[in-house]
Amino acid sequence: MVSVLSSFISVLNAVGYWQHSNDQYNLLKHCGGMGPYVEGTGFGLSHELPANTTVDQVYVFSRHGERFPTVSVAEELRAVYNKLKAAQVEEYKGPLAFVRDWEFYIPNDDCLEMETNTSRFSGLLDMENFGRAVRRKYGYLYKDETELPFFSAGQQRVVDSATSFAKGFFGSESEFDRLAHIHVIPEKAKQGANTLTSGRSCKPYNKHSNYDSGLKEFETQYLSQEADRLNSLSPGFDLNAQDVQRLLAYCPFELNYRGHSEVCQALSFDSFVGHEYSRDLELYYTKALHPFSFILGSLYVNATLTLFEQGSDQLNQSLWFSFSHDTDLLYFMNALGILDHQATDLSLHHIDFARWFRTSELIPMGARIVLERIKDSTGQVYVRVLVNDAVIPIPKCTEGPGYSCPLAELRKIFDSRLDGDTFASKCHVKSRRPWHLSFYWDWNTK
Ligand SMILES: *[C@@H]1O[C@H](CO)[C@@H](O)[C@H](O)[C@H]1NC(C)=O
Ligand SMILES: *[C@@H]1O[C@H](CO)[C@@H](O)[C@H](O)[C@H]1NC(C)=O
Ligand SMILES: *[C@@H]1O[C@H](CO)[C@@H](O)[C@H](O)[C@H]1NC(C)=O
């Protein structure tokens, strides 16, 4: 695995010439955030930096790895499975012929909401490999034999992800036991601003939603077209739009566990294109661009900027690792300003094919935002952002090395967007609860 990953990194930086392009036919780019990790397409920017510049501090904000569905999604998957199995079918043929021997893929209910741990898309293995890759790339920033914290939101799958990442980072069970400090931040409102799940601490956010019901019209159209196609090629199942929607979720979740899925093969690629867009609409309007997204993400971005301003000399630590959920990554990207790459709102009536905002690009399972503090030979410091291994410049702030943004400039942009607001006041955090995020600074004093 190690050699596969390192040869891949060198490919990333090599100049090449090829006349084929098949990334667009990768199903993992159309799984709507429910499927296995896949690297971002990015803008073709090199990971290499100009001479005499170095990365001297790194901050990682990651989603947990590939997982089983939630309890409610699992019920839907079970319902469509039961319906297809119970259908009176004269002849099993066409794309759904596999149903004759089909078995439900979730072994038991204890797995629900947990990381997967089998197959090439195992969530735990994904996170372990991620930890290994970070150690290889940034290991020079780690002082041997020092304790290292790994901050995790409270849900079991997130804690398991952080743990697997830490095991990959240390590479040996004994170093992990001795030096890894898995610091769990409960997903509770009483955490106030001292949280990795800021939505839970923000009452007014939970009350508002600007989700447009116009989405419904769009949805039924591509789903019913796919139902018609399957009903004509595989008669007898009497599929409807809702069944197709459930199968479109069954596929990526089964991939997460088994590494392959007959359901993925049965559905048309066009239906996945529709599926991705409906997920993009949902996440764009309810999470990414929600009026509270900036303030929710501002907690994390302010903390990162503060760590980078203090620098590793003052902090005595250069690597910062945090693990949370997909929605928190979207708030983070909003507060960082990178969602501005999507310059216009997504259409509710037709697929906006030219969009930048794609769930599979931004928050697949195992999604990761990596911020690098870069120092040049004059001592100036800059910030570079990698989302799912692709360099994503901060819009309108690209004058640093490798199209990075000067740290002071990023702070200015961020402060002007914040405009004097605070998370505590916008989110009505009660006075007896924490008003600031402090765990990065006080984790080892407790
Ligand atoms: C890098 O630094 C060295 C030593 O300070 C200097 O001689 C060289 O010109 C620098 N290279 C660039 C590209 O700035
Ligand atoms: C793998 O996952 C299954 C289902 O959640 C669980 O029963 C099993 O204990 C897990 N194994 C490991 C090594 O984590
Ligand atoms: C940013 O974080 C630092 C460190 O926690 C804190 O002192 C400061 O008040 C925060 N600023 C804002 C605007 O929240």
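The backbone N, Cα and C atoms fix where each Cβ goes, and this holds for glycine too.
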Task: Disulfide-wise, see what TrEMBL says Cys405 is paired with, picking from Cys397, Cys427.
output: Cys397
Task: Go through the recorded positions Cys251, Cys264, Asp326, Cys397, Cys405 and tell me which ones have a CA within 10 A of the CA of His64 (active site, nucleophile).
output: Asp326
Spatially closest candidate among Asp326, Cys397, Cys405, the listed recorded positions, to Cys251 (disulfide bond) (Cα to Cα): Asp326
Closest of Asp326, Cys397, Cys405 to Cys264 (disulfide bond), Cα positions, recorded positions only: Asp326
Query: What same-chain residues, at least 6 away in sequence, bring their CB to under 8 Å of the CB of Asp326 (active site, proton donor)?
result: Gly33, Arg63, Leu283, Ile363, Ala367
Under 8 Å by Cβ from Cys397 (disulfide bond), counting only residues of that chain that are 6 or more apart: Gly337, Cys405, Pro406, Glu409, Leu410, Ile413
- prompt: Using DSSP and three states only, what is His64 (active site, nucleophile)?
  reply: coil
